[in-house]
Amino acid sequence: MTTAQTQELDVQPTPLALLLLGREADPRSERGVECPGDLPSPSDPDLVARARAAKEKLGDKVFVLGHHYQRDEVIQFADVTGDSFKLARDAAARPEAEYIVFCGVHFMAESADILTSNDQKVVLPDLAAGCSMADMATAEQVAECWDVLTEAGIAEQVVPVSYMNSSADIKAFTGKHGGTICTSSNAERALNWAFEQGEKVLFLPDQHLGRNTAVRDLGMSLEDCVVYNPHRPNGGLTAKELRDANMILWRGHCSVHGRFSLDSVNDVRERIPGVNVLVHPECKHEVVAAADYVGSTEYIIKALEAAPAGSKWAIGTELNLVRRLANRFAAEDKEIVFLDKTVCFCSTMNRIDLPHLVWTLESLAEGTLVNRIEVDQETEAFAKLALERMLALP
């Protein structure tokens, strides 16, 4: 279990990384933690200067990580940018930094805490910055799933593979049961490794990345995959369906990438003749199949860097990154548009804004530790084991 700690507040940890407003939640609070009363106003004209001053005062004691999906107002203060795993490794490579300020979401901060030393303190500027996909698989649900696999007589044949976008509890379960973690960049290698260890894979929490990797990269058929729904008895599957399947996909998805549809692809091709469609593998299978290129955020960035002048691109990933890339490459005569007509931000990622970052940096500069993300030792040990298996992948 993970605790989020604020020295000045006596709060109880919540079981999920994100307590959605509307589910018996107080709109004046964030995941059971009172909103800081001295949070700066978004209209404060001195926010940039305040953030810069606090960061300079902290010096080498602080290391700010910025995920690709963050707002520009936050990214400008990041010491490094990248995807979740790259940032966690970047944090581990800076042992002199006492504070790791992770401008991302909860599971990312957990991963950074797992990979950094016990002396380092990982901080999340807004505790409500969770991940709906990571929250789609709880430890209790996954344990129940394993019981279902055991009753079907196949648990010993199953190797769990968990996406980096999962909670520390799920990573720990994966490590404890002989599995590995994967990213969107190395999912193919992770699955190949898993099938060398066992006959079947339980892939969680993102069904789309699992399906796309199995079918597109490993040459499986859609019939080789079944979807386990944690909200239905026995996952909505019969014992025979489980025994016949090679890939058991958890019924989870990214709310951002799940919005893209085949209509989105067809529409942009009609509007922009000659456009290259480049999407993230968290998109639905039919979208990935219709795209010209598929890859992680790092792949998307590198593909656009290498693209020739005059080329046209429709990108299926989070809007903050797409806008940033469009602005960056406009001078090189590369036309870059968002794949869908509908604006599609990651709402929880966008909870990290400049006021929260300023409040965090100023609090740390004043000697007050806020919003610490800390994974307990047992969970950390098994989660780290799963991460180390990933690092050792051929």
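Note that Cβ sites are derived from N, Cα and C of the backbone, with glycine treated the same way.
Sequence-distant neighbours of Tyr163 (iminosuccinate binding site) (same chain, 6+ residues apart, CB-CB distance under 8 A): Ile181, Cys182, Thr183, Ser184, Ala187, Phe203, Leu204, Pro205, Asp206, Leu209, Gly210. Under the DSSP three-state reduction, Tyr163 (iminosuccinate binding site) is assigned to strand. Annotation comment: Swiss-Prot describes His67, Ser84, Tyr163, Met164, Asn165, Ser184, His280, Pro281, Glu282, Thr297 as iminosuccinate binding site.
Under the heading [4Fe-4S] cluster binding site, Swiss-Prot lists Cys131, Cys254, Cys346. Listed in sequence order, Tyr69, Ser255, Val256, Glu318, Asn320 are the same-chain residues at least 6 apart in sequence whose CB falls under 8 Å from the CB of Cys346 ([4Fe-4S] cluster binding site).
Taking all protein chains in view, 28 other C-beta atoms sit within 10 angstroms of the C-beta of His280 (iminosuccinate binding site). Binding-site extent for iminosuccinate: residues His67, Ser84, Tyr163, Met164, Asn165, Ser184, His280, Pro281, Glu282, Thr297, maximum pairwise Cα distance 18 Å (rounded to the nearest whole number). Taking the Cβ of His67 (iminosuccinate binding site) as centre and 10 Å as the limit, one finds 26 other Cβ atoms among all the protein chains shown. Between the alpha carbons (Cα) of Cys131 ([4Fe-4S] cluster binding site) and Asn165 (iminosuccinate binding site) lies a span of roughly 8 Å.
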